[in-house]
Amino acid sequence: MSPHSPVELSCSENNLQNNNGNIDTSRNGKPSCPTTKELHLNNNQLYHQTNNSTSQIINSNQHIEQPNTGNNIQSQENQQLQYNSKIATKNTTDKIKKNTRASIKIASLNIKGRGHNNIRHEKNKWKQVNEILRDEKIGVLALQETHLTNEHVEDIHNIYSKHMYIYHSADPQQPNAKGVAIVLNKEITNTQNVNYYEIIPERAIMIRLPWHHTLTISILTIYTPNNPTENKQFWESLLQIWNEKNLPIPDFMLGDTNIVEDMIDRLPCHRDNTGATQALSELKSLLQLKDGWRETNPTSIAFTFMQLSTGSQSRIDRIYTANELTFSCRNWATHIPTDHKLVTVELIDLKAPYIGHGRWTMPLYLLKNKKLMKEIRDLGLELESQIEKLEFNECTETRNAQTFYKEFKDQMIQKIRISARKATSKLTQKIMQLEGQLDRTLNNDNINYEEKTLSAAILQECIIELQKQRYNTKDAKSRVQNHLHGETISKYWINLNKSRRP
């Protein structure tokens with residue numbers, strides 16, 4: 001099967017039957033793809049409903065009700081975790097061969113075209129896409145406005161064959177307009193046995209990805225029309241497709257929606273087309289999806305797109321998640337590599353053991369800091385002198401070799417951290433300061449909309465320019481490094497071509 005041809009949307013009648021003769025409607029059951037109507041009719045389907053704070057888990061053998069009254073009340077989190085464990089048993093496939101982490105970062109970005117036609121040209125955007133995958137450690141990246149043809153994808157695969165694999169859909173009549181793609185990071189993500197679905201050509205595609213051990217996720221990327229009427233028709237088309245076709249229910253729906261559901265997601269605030277938002281709401285209800293970032297940040301204000309001509313901003317780039325994945329998602333974030341922000345979320349396997357941040361370690365590049373090394377050496381000599389002068393009968397609980405050594409470590413760590421902060425480039429420090437200032441401006445209720453719009457637009461524009469400057473500097477250094485050491489017996493070339501652990 002060609003990776004760029006849509007998977008057959010209908011399932012055979014035999015595949016839709018399980019051992020009991022009933023329709024198999026598991027969210028990610030490998031043999032079958034039930035219709036959405038069958039999801040609501042089949043008594044073998046495990047589903048979650050909320051009505052007056054009542055959770056129900058229904059299967060073919062039992063009907064368990066958990067009313068939110070009396071002494072048998074469970075916390076909402078415990079109910080959700082219990083439900084997640086039930087879903088996890090359904091959300092399985094054959095164990096994948098690739099050794100992947102128990103978490104995967106999923107992201108979406110509107111790249112506004114591919115840039116220069118020559119894939120090797122410095123203004124071609126796919127080099128930047130490769131940088132984003134590597135630097136942000138993204139496993140699955142959904143892209144909109146890709147403007148790709150099969151020939152372009154073949155060129156990208158030839159150059160970045162070790163780093164990425166692309167599923168895409170484009171308009172054959174207008175290849176330089178619209179287009180969506182899903183990019184898999186081959187260094188950290190499984191790319192085998194992936195099912196590809198072309199839902200709406202150049203507007204919506206979906207993959208079904210075995211991502212870790214036996215777990216599988218379905219990811220739908222969308223790029224909706226800007227016109228309100230066409231936007232409404234797009235959501236209605238998706239609604240009709242999922243009602244009629246044998247398609248998996250997406251765990252994630254992400255992309256450029258070109259509308260917002262709440263006034264708080266626009267600056268200045270105003271409501272979007274009622275018909276379009278209502279159609280989106282109906283689709284979310286059918287697929288049981290919700291805006292994950294807004295659920296996590298109910299009162300925060302952040303935007304993903306700025307109109308340069310007017311300074312108005314909006315949060316039109318969003319990630320919707322399945323209801324049962326609420327406690328499996330973390331680290332919602334937005335970044336600024338272009339005029340559209342990169343939106344990201346991390347999905348984790350709840351069965352994996354908790355791993356903390358680990359111990360603090362000294363950045364290795366500071367070993368080359370001669371001034372810092374001299375200061376640490378002086379501290380060590382001072383410690384040695386203190387211990388040598390210490391008489392055995394003079395040791396106390398507050399003055400002994402152990403307390404001297406602790407003071408030495410504390411002073412050394414303090415100097416290392418100060419040096420690490422100074423070593424951070426001034427450009428990075430400036431970007432961090434502006435991002436903090438932007439966040440405070442957007443969430444300041446004492447500023448009127450006109451002043452907030454103007455201030456936010458200026459700050460956003462400055463951040464974008466500094467981000468581009470940082471990328472160009474990094475790209476120039478990379479090209480120089482490759483020119484000097486590329487295709488030579490060197491540490492640089494060996495590290496560049498060796499396989500990396502996920």
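Each residue, glycine too, has its Cβ placed from N, Cα and C.
Unlike curated entries, TrEMBL annotations are predicted automatically.
The region 'Disordered' annotation in TrEMBL covers 1-35.
If you look up TrEMBL, you'll see 11-35 marked as compositional bias 'Polar residues'.
As annotated by TrEMBL, Mg(2+) binding site applies to Asn110, Glu145, Asp256, Asn258. Just so you know, the Cβ of Glu145 (Mg(2+) binding site) picks up 20 other Cβ atoms within 10 Å once every protein chain is counted.
Residues or ranges marked as domain 'Endonuclease/exonuclease/phosphatase' in TrEMBL: 127-329.
TrEMBL lists Asn258 with the feature site 'Transition state stabilizer'. Secondary structure at Asn258 (Mg(2+) binding site), as computed by DSSP, is coil. In sequence order, Thr224, Pro225, Asn226, Asn231, Ile316 constitute the residues six or more apart from Asn258 (Mg(2+) binding site) in its chain with CB-CB distances below 8 Å.
What TrEMBL records for Asp317 is site 'Important for catalytic activity'. Around Asp317 (site 'Important for catalytic activity'), the same-chain residues six or more apart in sequence whose CB sits under 8 Å from its CB are Ser108, Leu109, Asn110, Gly255, Asp256, Thr257, Thr304, Phe305, His340, Lys341, Val343, listed in sequence order.
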**OP:** Please work out the number of neighbouring Cβ atoms within 10 Å of the Cβ of Asn110 (Mg(2+) binding site), leaving out its own Cβ.
**Re:** 25
**OP:** Based on DSSP, name the secondary structure state of Asn110 (Mg(2+) binding site): helix, strand or coil.
**Re:** strand
Subject >> Collapsed DSSP category at Glu145 (Mg(2+) binding site) >> reply: coil
**OP:** For Asp256 (Mg(2+) binding site), list the number of other Cβ atoms lying within 10 Å of its Cβ atom.
**Re:** 26
Original post:
In the same chain, outside Asn110, Glu145, Asp256, Asn258, whose C-beta lies within 8 angstroms of the Cβ mean position for the Mg(2+) site?
Top reply: Lys112, Gln144, Tyr223, Thr224, Gly255, Ile316, Asp317, His340
Original post:
What is the average pLDDT across the domain 'Endonuclease/exonuclease/phosphatase' (127-329)?
Top reply: 89
